[in-house]
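Enquirer: Features from TrEMBL:
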{"type": "BINDING", "residues": "Cys3, Cys6, Cys22, His25", "note": "Zn(2+) 1 binding site"}
{"type": "DOMAIN", "residues": "3-27", "note": "domain '2-thiouridine synthetase TtuA-like N-terminal LIM'"}
{"type": "DOMAIN", "residues": "56-189", "note": "domain 'tRNA(Ile)-lysidine/2-thiocytidine synthase N-terminal'"}
{"type": "BINDING", "residues": "Gly59, Leu60, Ser61, Asp65, Ile90, Gly169, Asp174", "note": "ATP binding site"}
{"type": "REGION", "residues": "203-240", "note": "region 'Disordered'"}
{"type": "BINDING", "residues": "Cys321, Cys324, Cys333, Cys336", "note": "Zn(2+) 2 binding site"}
Amino acid sequence: MDCDKCEREAVMHAAYSGLHLCEDHFCRSVEKRLRRRVRDDNLLPASATPDEPQTWLIGLSGGKDSVVLTQILHDTFANDPRVELVALTIHEGIEGYRDKSLDACLELTDELDIRHEVVTYEEEFDVRMDDVVEKDPESMAACAYCGVFRRDLLSKYAEEYGADKLLTGHNLDDEAETALMNFLEGDVAQIAKHFDASLGKFAEETPSGVSSTESDEDDENDDSPRTRNDQNSFVPRAKPLRDVPEKEVALYAHLENLPAHITECPHSSEAYRAEIQQLMLSLEENHPGTRHSIMAGYEELAAVAADEFGIGDGKREINECERCGASTTGDICRKCALVESIHAV
Ligand code: SF4
Ligand SMILES: [Zn+2]
Ligand SMILES: [Zn+2]
């Protein structure tokens with residue numbers, strides 16, 4: 001089958017759009033979608049200048065998603081003095097797993113000449129995931145501990161490096177699965193949080209740095225696009241790859257010969273997500289475009305939910321953790337509580 005845009009042979013067929021694309025046109029379309037997301041979400045504010053650049057911290061795990069994100073952001077902004085990229089890899093202490101993906105991270109950041117930092121659970125919390133799984137003091141899935149620790153370190157180092165944004169490699173499948181899980185769990189507050197934490201656009205800025213909510217010229221209606229509530233105590237997150245399906249991210253990494261590490265974590269334990277994943281795959285197969293339509297509707301609903309539940313306007317109080325100073329809604333943050341219970345075993 002030929003590419004729909006040229007005479008070359010197609011390497012992929014996207015059932016949701018009906019397009020057949022050759023290697024070149026496919027790769028360019030992935031890059032275009034990422035760049036459009038950066039633009040549409042106003043990731044680069046007008047106040048960023050070569051003298052006052054934005055620092056974007058990329059959570060680089062060495063898996064295909066974060067590797068593709070890093071590569072395309074580098075290709076886009078390497079010659080733009082308004083953006084500085086820093087990559088952060090978190091080592092969880094999982095024998096034989098993170099070591100290999102860390103190699104992929106080192107190879108990539110070396111090649112691209114990007115500042116790369118590595119932090120470990122062991123150095124930070126005196127905890128290794130392999131031991132956490134053994135001890136399991138809270139009778140929880142491994143990922144429930146690991147997710148808390150990872151989020152804590154990403155936020156801590158985003159702040160420490162003076163990052164303006166924290167970017168992660170979540171793809172369309174990840175986001176549509178999360179959306180569906182939030183729906184099925186009936187968790188509207190979580191949907192609101194999702195919007196404010198990473199889905200919503202950033203408010204547009206005038207060149208003087210003042211936020212404006214004026215809509216884009218090409219907006220079809222007169223309503224200003226809803227922007228996310230500002231979460232003063234967190235470095236804001238964004239997911240520039242969230243329009244690209246997982247398979248296409250993998251194909252891009254393969255075609256561009258990127259050093260991505262593709263094996264599953266031995267402690268991976270998100271049984272519910274795996275079930276949703278299967279459901280999504282079969283829905284997508286029988287009804288191409290399901291992931292896109294889930295996200296389109298979810299984003300609108302999430303914006304309304306964020307208005308109702310948003311934490312930016314003082315509806316939820318944020319304190320500093322008594323132990324580590326991290327932002328928390330209680331006295332002690334979840335990470336400190338978990339570390340304490342692991343060490344108590
Ligand atoms: S799969 Fe779970 S345990 Fe493994 S690295 Fe990811 S969050 Fe951690
Ligand atoms: Zn082509
Ligand atoms: Zn704490």
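Quick reminder: no glycine exception, Cβ is built from N, Cα and C everywhere.
For the listed features, I'd like the structural context: burial, neighbours, distances.
Expert: Classification of His25 (Zn(2+) 1 binding site) by DSSP places it within a helix. Sequence-distant neighbours of His25 (Zn(2+) 1 binding site) (same chain, 6+ apart, CB under 8 A from its CB) are Cys3, Asp4, Lys5, Cys6, Arg8.
Across the domain 'tRNA(Ile)-lysidine/2-thiocytidine synthase N-terminal' (56-189), mean pLDDT in this model comes to 95.
Listed in sequence order, Gly59, Ser61, Val118, Val119, Thr120, Tyr121, Arg150, Leu153, Leu154 are the same-chain residues at least 6 apart in sequence whose CB falls under 8 Å from the CB of Ile90 (ATP binding site).
According to its DSSP assignment, Cys336 (Zn(2+) 2 binding site) is helical.
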Enquirer: Out of Asp65, Asp174, which of these binding-site residues shows the lowest number of other CB atoms within 10 Å of its CB?
Expert: Asp174
Enquirer: Same-chain Cβ contacts of the domain '2-thiouridine synthetase TtuA-like N-terminal LIM' (3-27) under 8 Å, 6 or more residues past its ends?
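Expert: Distant Cβ neighbours of the domain '2-thiouridine synthetase TtuA-like N-terminal LIM' (3-27) are 245, 248, 251-252, 255-256, 284-285, 288-289, 291-292.
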Enquirer: Quick check on the domain 'tRNA(Ile)-lysidine/2-thiocytidine synthase N-terminal' (56-189): DSSP residue counts for helix, strand, coil, in that order please.
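Expert: Going through the domain 'tRNA(Ile)-lysidine/2-thiocytidine synthase N-terminal' (56-189) residue by residue, I get 75 helix, 22 strand, 37 coil.
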Enquirer: If you count, for each of the binding-site residues Cys6, Cys22, Cys321, Cys324, Cys333, the other Cβ atoms lying within 10 Å of its Cβ, which residue has the minimum?
Expert: Cys6
